[in-house]
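K.L.:
Next up is a structure, given as structure tokens.
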Amino acid sequence: MGLPGSIVFLIMIHAFCAKKTPTNTLPSLLSLLGITDLPSLRLNILSLDGSANNQGSWVRDNTTFVYIGASSPANGVLFYMPTSHVQQMTFYKRPVSKLLASNNLIKFLNTGSYINHSFMTAMPPYRRNVQIPSDRSGLKLDDKDDAQPTGTNPPTELKNLKPIDVVNPEHRFILTSELTGTYVKHVCFVDPMDMLIPVDYAHIRTIIFGSDGAEVIMKIGITFASITISMKSAPPVELILSERARNISLIWPALKPYEPVDKFTRRPYLIYLLGPHMNASDMEIKSYINMIESVEESSNYDFQIAQTHAQLFIFAATPISDINDIYCFRVVTTRLFMSLVASVRNAFQSGYISFDEIIKTEANIKMITETLSTFALHSNPGTYFLLSGMHLRNENADIIKSLIRKTIINASKNTASLSILQHLYVLRSAYAFNISQESGNLGEHVSSISLELIIALHEESVRDTIAWNTSARHALYYAFASIFQRPPNEWDASRTARKALLFASSMCTEEHIVATELVIQEMYIKINVKNSPVHILDVYTPCVTALRMDISEHHHRLYAMSDVILHPVIEKYLENDSRGIDAEEELETKAELVITKLKTPLMRRLTIYASEVVTCSDADILEATALLVLPISGLGSYVVTRQLGIRGIVYNVDGVDVNNQLYITYVRLPCTTTAGNIVPMVLPRPLGSDCPYCGCVLLRYSTNGNLRHTIYISSQDLQRELIAGGNSSIRYFNPTIAQIYGTSLLLYPNGTIVRILAFESERVTIISATYVATATAGASIAISIAIITVRMRINNFRYNYHRYKKLSLYDDL
């Protein structure tokens, strides 16, 4: 399957079947497979019960598996075909059908013998040298106590839920029977790697995701589960969990039992690992052991999902290399797999599952798999795909979606009534169930709720009143994600997304970048020193969404280092690290890596939402030197770069270091290049309800060519603060605040740029009384010291002169 050899084999079979080849030509085909004993080719289509003792035949889901048990090069080969075709079949007359040859057959024919086969399923015995920890059932991602069902709030059916439960899902519990219905579906596990005899199991869900760099298949049941990880840059590997009562056998050598990794584990299931061990690298063996340890550590959902986020964070903080990517990708996907296994297992043991866990599970699957595709294995994020079958019956999944739709429609009419936490619940539900992508006005409603939250948090951000806590960070992530999840060709979708990008850039100030880097450093320490439970969104920042690319410039690192004294966790960590400044540099590098890796690649975001920038730019210059992109209107964008090369109205920024030059280009089709002139002016006060500055951006830069912030003026309230000057309550707009430095430009949506003189003149004239008093006292002291010094020198000169005169007189005598 997917190999050239299989194509050749299928063509030969198809030609043979199409001609309805007579009996006497059959041996020529069988001789190709090395089959001399014709009866050994068994086409038994009995039911499962009727052939339970015969592992040479299976019928599952309208498919018959045909096993070749002859002593031949094809020994142990498994074929499978539609049962309807098999039922019409006689041994000597086969109808035209799609007969699929297993990878085993093709590999076997290509390699010639089992001994030289490059993909052996055996692995050196694994034995733990440490004691297996017990389940850490008390571990949670937050400080809240887990809610439990009570007599007045028992587990219920999904049909009894109400829209209010979407904004308060933690206290609603669903019966486990709602996951599967009255009867659990039994299916046949056909090993994607074609190594194992098919296994019958109670199936709950299948998840397939990947990109052009990798593909992962997860199959999860009640007593059986498997994950197959395939990559372009590494051999595939498969992890299987099976109840102890079930034996796992290899297809070849014929029906040979496949030994579990460790028979003596205390877990209720056995662990099987399939992967190459001949010439396996240390990284391969290390990843195998880590995968096994992730199974043995705990069967608690909270622990496993916390470890998934921790490993994803470590992956993001790890320097890019093929070896690191392969290892980390396997570790993260295995942890995600184990969290799903734990969720299903716990639900069937307890008889219920919380409504919140159902929604969080779907959101985690999407967020984690999509994040992996953003930076792992040199993948193109545009090739990411996710095929996730829910662990709910279709009609029950529709009930949940209907609840979410009603909640969104109601919330869009009055977003002010929702708290940050309720925004989080609603937007996470919409994201998890792809509500933004549904037809009708639902996408517009979700975008409306998301944008209102972004506007509210932006207002708090510029006023320095925002609490960057867990709820705010998570809610903001899902708000942006829900907007970008909406198809861009829908009415108003692209305009909303461009506005969201402006808000993200406005919140990504110089101070916020520094604060976020320090928060990331603290999380890294928590994971590595304390092994505390974390969530990757605990360090989410608008800078991840913003089209600001100067995050890793050196001045941010210097500011972060100077603020370390305000973070005791980091300070203590560095004090205990003998590497000194190298340890601090390492933490800074990891923080920058996390932000950079979590960002959607610039060209992908621009291609979708700011195509005029891509059209009017040299791609190499854009990716190499762009510092900031502001899609300021529906048709045009500002691009700030270090080099010329963007076609549009080009402004050469004066007053900056010649070695760190800034160019601002207003880009709009048809990409006509002209020279712009930045005009200095005093902003006139608008009359009445006019809002001439609404939609503008206040950009501030320093004389060394560094961008400080880009504040989006989105409302009349912010316009009033802008023109209030020294009376403004927003420090970004108040020239009298001492720490404000640099030049301020106002960028208009039509491509006009002006330099605001108020900031420059105020910076010269506004001097604090404390500064004047200190300077005067210092000058007085300096003058006094100078006078005393001069007097001492004069006295010393006089004294020496008199001594000289006395000596002269003595010589004369």
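The backbone N, Cα and C atoms fix where each Cβ goes, and this holds for glycine too.
Straight from Swiss-Prot, here's the annotation block:
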SIGNAL    1-18  signal peptide
TOPO_DOM  19-769  topological domain 'Virion surface'
CARBOHYD  N62  N-linked glycosylation site
CARBOHYD  N116  N-linked glycosylation site
REGION    135-159  region 'Disordered'
COMPBIAS  137-147  compositional bias 'Basic and acidic residues'
REGION    212-273  region 'Interaction with gL'
CARBOHYD  N247  N-linked glycosylation site
CARBOHYD  N279  N-linked glycosylation site
CARBOHYD  N410  N-linked glycosylation site
CARBOHYD  N434  N-linked glycosylation site
CARBOHYD  N469  N-linked glycosylation site
CARBOHYD  N576  N-linked glycosylation site
CARBOHYD  N727  N-linked glycosylation site
CARBOHYD  N750  N-linked glycosylation site
TRANSMEM  770-790  transmembrane segment
TOPO_DOM  791-813  topological domain 'Intravirion'
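Have a look at these and tell me how they're positioned relative to everything else.
P.N.:
In three-state terms derived from DSSP, N247 (N-linked glycosylation site) belongs to neither a helical nor a strand segment and is classed as coil. Long-range neighbours of N247 (N-linked glycosylation site) (same chain, six or more residues apart, CB within less than 8 Å of its CB): P257.
Following the DSSP three-state reduction, the secondary structure of N410 (N-linked glycosylation site) is helix. In the shown protein chains, 16 other C-beta atoms lie within 10 A of the C-beta of N410 (N-linked glycosylation site).
DSSP assigns N434 (N-linked glycosylation site) to coil in the three-state reduction, outside any helix or strand. Around the Cβ of N434 (N-linked glycosylation site), a 10 Å sphere holds 15 further Cβ atoms from the protein chains shown.
Cβ neighbours of N469 (N-linked glycosylation site) (same chain, under 8 Å, six or more residues apart in sequence): none. A coil conformation is recorded for N469 (N-linked glycosylation site) in the three-state DSSP classification, outside any helix or strand.
Under the DSSP three-state reduction, N576 (N-linked glycosylation site) is assigned to coil, being neither helix nor strand. N576 (N-linked glycosylation site) counts 9 other C-beta atoms within 10 Å of its own C-beta, drawing on all protein chains shown.
Sequence-distant contacts of N727 (N-linked glycosylation site), defined by Cβ-Cβ distance under 8 angstroms and a gap of at least six in the same chain, are N734.
For N750 (N-linked glycosylation site), the same-chain residues 6+ apart in sequence whose C-beta sits under 8 angstroms from its C-beta are S633, G636. Classification of N750 (N-linked glycosylation site) by DSSP places it in coil, neither helical nor stranded.
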K.L.:
With H, G and I counted as helix, E and B as strand and the rest as coil, say where DSSP puts N727 (N-linked glycosylation site).
P.N.:
helix
K.L.:
Whole-number answer please: how many Å between the C-alpha atoms of N434 (N-linked glycosylation site) and N410 (N-linked glycosylation site)?
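P.N.:
With distance taken Cα to Cα, N410 (N-linked glycosylation site) is 18 Å from N434 (N-linked glycosylation site).
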